Amino acid sequence: MAFESFGTMRVNEVGHLEIGGVDTLKLAQKYGTPLYVYDVALIKERARGFKKTFEELGVKAQVAYASKAFSTVAIYQLMHEEGLSLDVVSGGELFTAMKADFPAERIHFHGNNKTRQELEMAIDYGIGCVVIDNFYEIELLADVLQEKGARMAVLIRVTPGIEAHTHDYILTGQDDSKFGFGLTNGQAEEAIRRVMANEAFQLIGLHCHIGSQIFETTGFKLAAHRIMEQLVVWRDSLDFHAEVLNLGGGFGVRYTADDQPLPPSEYVRAIIADVREVAQGNALAMPEIWIEPGRSLVGEAGTTLYTIGSRKEVPEIRKFVAVDGGMSDNIRPSLYEAKYDAVIASRPLEEPDETVAIAGKCCESGDMLIWDLPLPKSYAGEVLAVFCTGAYGYSMANNYNRIPRAAVVFVENGEDRLVVQRESYGNLVQLDLPLY
Ligand code: LLP
């Protein structure tokens with residue numbers, strides 16, 4: 001590939017790939033591979049960029065990090081430091097956030113099947129709001145709140161019937177979705193009626209998320225427009241006044257040169273223009289706008305380092321170059337046919353002289369990281385750096401073939417800091433109980 005850098009990434013004096021002022025070969029040597037490396041400065045730049053755009057537009061907002069993209073104590077601490085809010089989708093993410101001392105009032109709880117225990121946890125921690133997803137949850141949450149004599153701020157998640165241009169598996173805004181209440185089929189209105197009728201809830205607004213890895217503003221604008229128009233109707237018919245409109249995440253990033261995302265601020269500007277237009281045209285109070293970027297905050301900031309091992313050449317068909325990780329640390333190529341770019345960390349600028357397929361080490365033919373990567377001739381022991389692995393890499397890591405999960409290191413200003421240890425073989429068996 002033609003080397004195109006992300007964030008602080010550069011080629012250093014000795015010709016090696018450097019991130020955050022640290023030589024990636026040194027990182028591989030110090031911590032072993034596979035290794036997820038995060039460029040902290042780039043994460044901060046993105047977080048500040050979103051916040052600044054809202055400030056410039058004079059719009060009250062919350063930028064909530066969609067932490068399913070990468071959920072660890074360290075990233076929660078960093079997002080807190082940057083003044084972001086947090087979207088969690090499970091008791092596990094919530095627990096991790098509490099371990100990081102994330103302010104509970106800035107945590108929003110999502111999910112299409114939150115359990116009673118998870119809702120109890122959310123109430124006990126005093127989180128900011130629950131995003132109600134379905135009728136069952138209205139009953140369940142009302143019951144738990146009544147039992148605890150508590151109240152909870154809630155958003156109602158609606159599916160606005162918008163299809164975003166992205167991979168089918170990650171579409172969530174269309175009508176045929178497991179998430180949310182349909183806006184057009186009357187279910188959203190029914191949900192609002194039920195929630196408003198119950199004292200245990202403080203209905204603060206609506207939520208929608210139209211999909212992921214979106215490169216255009218059209219879908220966001222359509223969704224914002226449609227919901228705002230509906231809010232005008234419900235103001236008049238139900239006396240419902242939304243203080244908050246949460247428009248989710250899904251802003252695209254550049255996995256390969258084929259991806260041409262807009263700068264994050266463009267999405268925000270486009271959304272706000274539509275919300276404003278409908279608000280002003282109908283004398284509707286401008287709601288506070290919340291967004292939930294995941295991938296666009298951490299995706300491009302992450303690079304995975306692997307060590308190259310075996311090579312298999314199938315004459316006239318393919319050259320397989322295998323690395324010491326694979327679908328255990330990045331399941332996205334197998335699951336979504338996701339594409340990635342990579343370079344040899346010791347000589348990223350060298351011209352390619354062959355096209356290879358980067359194979360993982362798992363016992364599965366589909367465990368391929370990149371199918372056709374132009375690369376200079378590579379050798380066992382060299383370090384391969386795969387770009388843009390910061391979102392949904394570590395968070396979807398697994399122990400298939402009992403491969404221990406990789407370590408995570410943050411780099412910034414020439415310093416590296418281990419934030420997740422490499423799993424050990426001992427960790428792998430710690431929950432196993434012997435039969436005899
Ligand atoms: N908000 C909600 C309600 C969501 O469901 C999601 C992602 C986000 C925000 C953040 O979306 P982002 O900005 O990260 O695109 N595992 C898949 C992605 C699944 C996304 C699910 N929801 C992947 O690896 O591409």
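Using the three backbone atoms N, Cα and C, a Cβ is placed for every residue, glycine included.
Just so you know, TrEMBL annotations never went through curation; they're auto-generated.
If you look up TrEMBL, you'll see CYS363 marked as active site, proton donor. Look at CYS363 (active site, proton donor): DSSP puts it in coil.
Residues or ranges marked as pyridoxal 5'-phosphate binding site by TrEMBL: GLY250, GLU292, PRO293, GLY294, ARG295, TYR392. Annotation for TYR392 (pyridoxal 5'-phosphate binding site): spatial neighbours LYS68, ALA69, PHE70, GLY294, ARG295, GLY299, ARG332, criterion Cβ-Cβ under 8 Å with sequence separation of six or more.
DSSP assigns TYR392 (pyridoxal 5'-phosphate binding site) to coil, not to a helix or a strand. Positions annotated as substrate binding site by TrEMBL: ARG295, ARG332, TYR336, GLU364, TYR392.
If you look up TrEMBL, you'll see 36-390 marked as domain 'Orn/DAP/Arg decarboxylase 2 C-terminal'.
Per TrEMBL, the feature domain 'Orn/DAP/Arg decarboxylase 2 N-terminal' maps to 42-298.
Around the Cβ of LYS68 (N6-(pyridoxal phosphate)lysine), 21 further Cβ atoms fall within 10 Å across all displayed protein chains. Here TrEMBL flags LYS68 as N6-(pyridoxal phosphate)lysine.
With every protein chain in view, the residue among the binding-site residues ARG295, ARG332 whose Cβ has the most Cβ partners within 10 Å turns out to be ARG295. Each of ALA66, LYS68, ALA69, SER212, GLY249, PHE251, SER296, LEU297, GLY299, ALA391 belongs to the same chain as GLY250, GLU292, PRO293, GLY294, ARG295, TYR392, is absent from that list, and has a C-beta within 8 angstroms of the C-beta centroid marking the pyridoxal 5'-phosphate site.
Contact annotation for recorded positions (GLY250, PRO293, CYS363, GLU364, TYR392) versus ligand 1: GLY250, PRO293, TYR392, each with CB under 6 Å from a ligand atom. Residues GLY250, GLU292, PRO293, GLY294, ARG295, TYR392 are recorded as binding pyridoxal 5'-phosphate; their most distant pair of Cα atoms lies 15 Å apart. GLY250 (pyridoxal 5'-phosphate binding site) falls within neither a helix nor a strand when secondary structure is assigned with DSSP, and so counts as coil.
Cα to Cα, GLU364 (substrate binding site) and PRO293 (pyridoxal 5'-phosphate binding site) are separated by 32 Å.
By neighbour count, meaning other C-beta atoms within 10 Å, the densest spot among the recorded positions GLY250, CYS363, GLU364 is GLY250.
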